[in-house]
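One structure is given here, and the rest of the page talks about it.
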Amino acid sequence: MFIHNKDLQFEVRVEKPDPRFATLLQEQFGGANGELKAAMQYFTQAFVLRGKNPPMYDLFMDIATEELSHLEMVGSMITMLLDGLNDDLKAATEKCDWMPAVASNDGRDQIIHSVAVNPLFMSLTGGGPDVRDSAGVPWSGTFVNSNGDPSVDLRSNLAAESRAKIVYEYLKQFTDDPGVQDTLTFLMTREVTHYQQFTAAFNELPVNFPPGVLAGDQRFQNVAFNMSNGEGSVRGPWNEGQGPWPDGMQWQYVEKPTEQWFGH
């Protein structure tokens, strides 16, 4: 059961309209790494856990629900960044500084160009968000990763939170609006929190490596192939010494696979 609370999780403030940034922010509304994707992914993953792992189910549903709260914040921020498109002209003059720009020689053209970055704001959504990314690509269920195995899904979620966090970092470079910056910082920080929660849940699994149930064939598990010709092959903990296995199992490095491996 869901009940909508009219208060936002964090106060969203925007000092002035910025349709260009509203277009960029669409990435976190309808993009592959956005809030809608995260909510749908965690909801979808949760259902299979309800009977077999209630604590994990509770965690996934809590975070999924919070992601919907973040979607609400992003949608509100996009709408506020488009003030003047989603209101009458008189109200727009009281809210923003567009009218002085219109009065200049090229001001009207500048505003038209700003909006034309995402014409859907004018022609389809009436100055609100759309379920598309910043390039206008529609949201898709293919963004959602759900495999039914907690060790796999938690890895997907750690990657999802990492990608969402870095997108907010990128977005922060393209606005100097202090209110928008505050909201982006909050949203970015919550991605870090979710990463920590998923990490803790992952560490609670009795067996989390390798993913799934079946063990790999140990004849091939610790073999690292040098798949590049020429000089400069790099050695490191990913292909030499003790690997991420029980003590005693070392990496077996195959320097020249075509000569040393074929026929084994």
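Backbone N, Cα and C atoms are what each Cβ position is placed from, and that goes for glycine too.
Summarising the annotation, TrEMBL assigns Mn(2+) binding site to GLU35, GLU67, HIS70, GLU161, HIS194. Within 10 Å of the C-beta of HIS194 (Mn(2+) binding site) we count 24 further C-beta atoms, all protein chains included.
Residues near SER228 (Ca(2+) binding site) in space but far in sequence (CB under 8 A, at least 6 apart, same chain): none are found. Residues annotated as Ca(2+) binding site in TrEMBL: ASP58, ASP62, ASN226, SER228, GLY230.
Between the C-alpha atoms of GLU35 (Mn(2+) binding site) and ASP62 (Ca(2+) binding site), the distance comes to 14 Å. Between the CA atoms of ASP58 (Ca(2+) binding site) and HIS194 (Mn(2+) binding site) there is a gap of 14 Å. In this structure, the C-alpha atom of GLY230 (Ca(2+) binding site) lies 38 angstrom from that of GLU161 (Mn(2+) binding site). Counting only residues at least six positions away in the same chain, the Cβ atoms of ALA38, GLU191, VAL192, HIS194, TYR195, PHE198 sit under 8 Å from the Cβ of GLU161 (Mn(2+) binding site).
The residues near the Mn(2+) site, meaning same-chain residues not in GLU35, GLU67, HIS70, GLU161, HIS194 whose C-beta sits within 8 angstroms of the mean position of the site's C-beta atoms, are ALA38, ALA39, ILE63, GLU66, ALA164, LEU187, ARG190, GLU191, in sequence order.
For GLU35 (Mn(2+) binding site), other Cβ atoms within 10 Å of its Cβ number 24.
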